[in-house]
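Feature annotation from TrEMBL assigns transmembrane segment to 61-78, 85-105, 111-132, 153-176, 188-212, 253-273.
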Amino acid sequence: NKEQAIVMNVQRQPGANIISTADSIRQMLPQLTESLPKSVKVTVLSDRTTNIRASVNDTQFELMMAIALVVMIIYLFLRNIPATIIPGFAVPLSLIGTFAVMVFLDFSINNLTLMALTIATGFVVDDAIVVIENISRYIEKGEKPLAAALKGAGEIGFTIISLTFSLIAVLIPLLFMGDIVGRLFREFAITLAVAILISAVVSLTLTPMMCARMLSQESLRKQNRFSRASEKMFDRIIAAYGRGLAKVLNHPWLTLSVALSTLLLSVLLWVFIPKGFFPVQDNGIIQGTLQAPQSSSFANMAQRQRQVADVILQDPAVQSLTSFVGVDGTNPSLNSARLQINLKPLDERDDRVQKVIARLQTAVDKVPGVDLFLQPTQDLTIDTQVSRTQYQFTLQATSLDALSTWVPELMEKLQQLPQLSDVSSDWQDKGLVAYVNVDRDSASRLGISMA
């Protein structure tokens, strides 16, 4: 932000928890600041854990909301408090059991495991509801609750087991996927599979026991005000379903044609819907590369960089900016500079990151002699090297002459494609070069060392 500074990037070790690492660093900052001169100020420019914390908190809220909605919907359709409490117990018990397995497997509470638990919330009550309905059927016929629980659970037990393993079988391919996709979704698949398995155990053990203790003919027949008010509505829904089912059964060929058409439409949509590896994420950080003519000096590049920084900082969505000039591991030449633009939080800016990037590039286009390449920083990426654009590939040849011939031609063809923008190359062969031939005899006679 228009001040000279030394930028320090801190990266965690593989396997370390990023949130605990960031918290430990922040706890060390006061002690570190005290050991520095008074004129030196330490400022945290960017903290990647801010978005991670917000995402985890949102997922936790969604999990709690899912549990509340599941219990509410169960009561809406069962219209019986004891029958609602029984599957309601299956949700926390299944989740607690899943947490225990997660601790044993050394899993962390992250977006993927919380997402798996959120999805599992709907699955874990299905088995319990099926068991309750079958047991209730026998109780309504006059069976004693204990006998009805044993008979109802025994009849439905094999069905519950088959449904459980059918759901788990869908997740098995995720366990054996390789590369980054396998590493990402392995915890998700295991967490979801464990939750489904534990819910089946709960449904075949705890649920029948609670039915034997809490359900009776009187409790099932007893209707409250809500039950009486909603009875006619549910009767109409069931009657409408019966009429629709009768029409479907009376027109089998039409039903089959609709099913095949739906399948064909799904295939066509799969073919034509755009595909990608990861969706573009807005985490409030933009990485930029500034490119100047190859003959630019360090001083000239620094001046251009300051001009661009002044333009970027005027944007209302920008909170801070860090940039540097010079050759290092991420900056290959003197005529380029790196920038990190920190945006304001989403609730403090009107536009998403893509619109901000387009606006910044339009503003910087007015600065002569520079090209600015911007792309949003992603938490998940498969890039193995730093690049100024979202997509990259490497062109190789047996000689530099071949590269110098084909690189411009390839860039010209790519720039003509309407699907692409910001086409650039790191090929540098047009800078100012001076070759010095030393007369070694004269240099030796004059006492000039070659070193």
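Residue numbering: from 1, along the chain as shown.
Each Cβ is built from the backbone N, Cα and C atoms, and glycine gets one as well.
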Of the listed stretches 85-105, 111-132, 253-273, which one has the most C-beta pairs under 8 A with the transmembrane segment (188-212)?
111-132
State the non-local partners of the transmembrane segment (153-176) in its own chain: residues 6+ outside its ends, Cβ under 8 Å from one of its Cβ atoms.
123, 126-127, 130-131, 134-135, 182, 185-186, 188-190, 192-193, 196-197, 199-200, 203-204, 207-208
Using Cβ distances below 8 Å and needing 3 or more such pairs, separated by at least 6 in sequence, tell me whether the transmembrane segment (111-132) contacts the transmembrane segment (85-105).
yes
Contacting positions for the transmembrane segment (253-273) when only residues 6+ beyond its ends and CB under 8 Å are counted:
none
Please give the sequence-distant neighbours of the transmembrane segment (85-105): residues at least 6 beyond its ends with Cβ less than 8 Å from one of its Cβ atoms.
67, 70-71, 74, 113, 117, 120-121, 124-125, 127-129, 132, 190-191, 194-195, 198-199, 202-203, 206-207, 210-211, 214-215
